[in-house]
């Protein structure tokens, strides 16, 4: 086991503070509409330019191990806030630095760290309650666009696109962000249920121009095994042919004689039919087939449930207004399933999402949820250079996350004003002793810091003057750093999701409290190069040298 280096008391806290300050000072220059960019060197490829706090924080590793521990603790604040709310990472970093700085002063003056922590915790609880009380719900497209615009660093194009996407697929719908092939940024909406399986044979194509199979008022056969024997498929094929409606066959696979017979009958005009493989694999495939069955009002023909393909009747078939199939995807539009069954399935998947502990499983469940809810929106992000594309894509992902947060918990005035107004909640915070009261006052002072930093980044106005003027106002009145005017910020579109502001404060206070109550810090001693064993002279041992 490697030898350790240990620092105690004020020595440990001072070193941690240096690390906290180095990281926070690099991150906080990005705060607000007047925030600056940070250029990050990449060992491979061009440097990355970003105005995203968590991206800056994740790049910082300090040489001194004790300083690095302080930096990593604050990096955790930014990361956790980003994971929970998608935005507010810079605000969280600024708050953590302010709470730790003010707390350290008091610890040095003799305050008990554990009482400071208790005071901080009580203060945060009351501030969060106050934030919730001043929060307002959003639903309109205009309000959603405002949140998206602010979170995308004041890019109205991105805000409008996100609002449009949410309008099309609903607030529970899946919105994915992808890199476009060209320079234009556009929104593409896939209506209905789409899965990534194309036709099994190009002979199923009904529209040679688009190379798509289009089935109107289609019947849908859903089978969870391979079909290789025509005999078991024949009864249901004859019944669907008599109805005169086109048939889509979804099965694990169709091969050999069965596929050849279907294709020949399609070419002769005897059958209107198309066949695709079932989506997904394993248990996920079973679940997706069940989703398709519920959406279309059909039944999954599965021997596990006691159903046999040769005994299938028309009652087992699902129905849809339209099915479009190309070589890669199948889209089922307007399935004829019962709405109450679809709603029950949606609620079941939502329950699974809440219980899921895996990010991958959660993502797949959300995709299934969106397909049942009515569609997937894809934001294709275009830019003139790769560096700009990556930066813009990251901003869109952040803005999308923050917009979802706003829909969940509502919005408050932006620009640091909501935190100033939430100071009122501290009147309800109780303290058992003077040190706890000091902890409450630390939060009172820290809540002003984001506004001070936003103003400082404009480089033209005195933070103390702005703070005093905002304090004297009421409600949503505050300083708009983009126009450098005092106005109603919500009316001006300067808003923050309540969840973002709340998460930033809670995470900052949590990590700053841990740092304040730290009495010792332990790290590995750096290996001294001088103590390393000398390399043996030329050649390899036992081989008398290599030539």
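Even glycines carry a Cβ here, placed using N, Cα and C.
The ATP binding site annotation in Swiss-Prot covers 30, 31, 32, 33, 51, 87, 88, 89, 90, 91, 415, 496 and is backed by sequence analysis.
In the structure shown, across all protein chains, 88 is the one of the binding-site residues 88, 415 with the greatest number of other Cβ atoms within 10 Å. The maximal spread of the ATP binding site, taken as the longest Cα to Cα distance among 30, 31, 32, 33, 51, 87, 88, 89, 90, 91, 415, 496, is 17 Å.
Taking the Cβ of residue 32 (ATP binding site) as reference, residues of its chain lying under 8 Å away and at least six apart in sequence are, in sequence order, 415, 453, 454, 457, 458, 481. The binding-site residues examined here are 30, 90; by Cβ neighbour count within 10 Å, the least packed of them is 30.
In three-state terms derived from DSSP, residue 51 (ATP binding site) belongs to neither a helical nor a strand segment and is classed as coil.
Cβ neighbours within 10 Å of residue 51 (ATP binding site), excluding its own Cβ and spanning all shown chains: 19.
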